[in-house]
């Protein structure tokens, strides 16, 4: 078999190296050219390599400009950390320029993997640093110095000697005498993975072929890391384990800065040790005093050298905190302000993000989430009573956390910012319920899964109209899933697809999805969504989330629009005679659509059973006349079906005709304005006009009201004249355009004279 090109070898090795760094965050790179485009994975790499956080980036960057901004932010962060970036630009990474991407990763490997603890103080090149360490490690028993990272490693002898130096006796020399170079390398890599926990980020054949020295350096640098880690562990065992002095202790936490009345406040005492217990005389005195005396304090030993201090201040105002450890003050006379608990209406917005939500969390592994609380102005709020509970997704009415097998810890990191540490001990689907002031504000789905090497190595490919073109309201769409292993062979596993709302306030499963296996690692997926909006399609393999596709559901521009009008909508259905209404079918441009099969069904709203009689007459011009008869007083649902597909429905009431013969009355109606995306507005100030014309074009007075929250209403009094039916046309316009169902008509029974009323009574 021919050797691979250096760029293929580098791409494979550098991808594997990055994935070892990203593993604690459950993030995986499959294709360097695609997966780095948004900047999010590079941000994860930066945070893992530097132990620093990046803020201000867009977490769901779908547009190119957002991706370039994210990439610029993370490249600037690397530069600030001392990384030299030569001819590496955000646009190149966004465009998937593979050579530029490999150049960036090699810069990261040199600085953070090879140089490591030497940092920039060592004048030697990364290559010389690594060669020097190798030859020092091999020592005097090494008959031949290693001078490069290509030819010297092709025989397999150098790698076997290096493994045996780190784990003496793991590779007997006599067993290697009859082996080929490739067999020697394979064996050494197996031993290194099992005994030293060094992942095989480089293929054995690629090392044997000596194609790329940078890939070999990257792999060997992991041995240097393993050696330094083993040395540090040994030194830790030999260190003096005596208790630290109080001067090594410290305290920190939000409870030292502020408090909320009637809510727990916390801060942490660090003793300077990694064990439980207090230093020296073992005394710890924590006091919190309010305006009218002391506040109860609880101190919990976490058995890791830290103590969690909790107090609940009942009064609003200035409080004083004192912490004395072993007779020495750590906090002396610290003044804090306890604020009143905010009303729920002031704590409007909850934003919850994290890898556990997007990619799930492996069982028994620590995952982290972040929660941000902001008011209506986008400002952080810090005096809300926050509660975070995890519960089984199938038991959403249970507000206790007793059913959750795992641990959850919430820490306030800054005003309005919280960090949530989560460990799940059992695979399954769970709901994070975030409440403020005892009111649930957000629910987020988290999947906990059993890690699988098989699933980790599976490549998921999704193709089809749903992925490429998005969804249309109430219309079924589909796509195909293909599963392959690292060699490109098809793999048959358990596949699930979930459609969830792309909304920070409520990320629940929505819509209908059906997955049908068709063999050879392929799965046909049908998906339907009944509401416009932005969504995420999650592909889950063997209960482990693998891929996420942002997708949008919109109204089909070619879909029929059904307009209904007439007495049934305006007045209801009299119990003694058929009532009428009209149907008009329109295309996207407002033209009548002819030759459709239209059916009308009347259903009881309580039982769902079909009732009454309906008759539809096709007028031949895209309009239809409907007669509806019902002899039982009650509330009903009128459904309009076009070509056997439900297209419209409205409520109608069947009434006793004697109750409906009103000749005057006060009427009111209300509309709620929407923005271009179809979302309800929360502000007023628009042009709201209502005009009513009665019999003989008489004008009726109308009282209109702007409620200031996107709602607009109109109230008016109508009265028929004696001997004539009262017919009133109502036109309602918002910003000069008719609102839905406008114009519509009121019809009132004729006002009767005394003679007519008496005659009716006699009948």
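Every residue, even glycine, has its Cβ placed from backbone N, Cα and C.
According to TrEMBL, the protein has these features:
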type   : residues : note
DOMAIN : 8-113    : domain 'Calponin-homology (CH)'
DOMAIN : 124-228  : domain 'Calponin-homology (CH)'
REGION : 230-257  : region 'Disordered'
REPEAT : 241-340  : repeat 'Filamin'
REPEAT : 452-555  : repeat 'Filamin'
REPEAT : 554-659  : repeat 'Filamin'
REPEAT : 669-748  : repeat 'Filamin'
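DSSP assignment over the repeat 'Filamin' (241-340) gives 6 helix, 56 strand, 38 coil.
Mapped onto DSSP helix, strand and coil, the domain 'Calponin-homology (CH)' (124-228) counts 70 helix, 0 strand, 35 coil.
For the domain 'Calponin-homology (CH)' (8-113), the predicted model reports an average pLDDT of 89.
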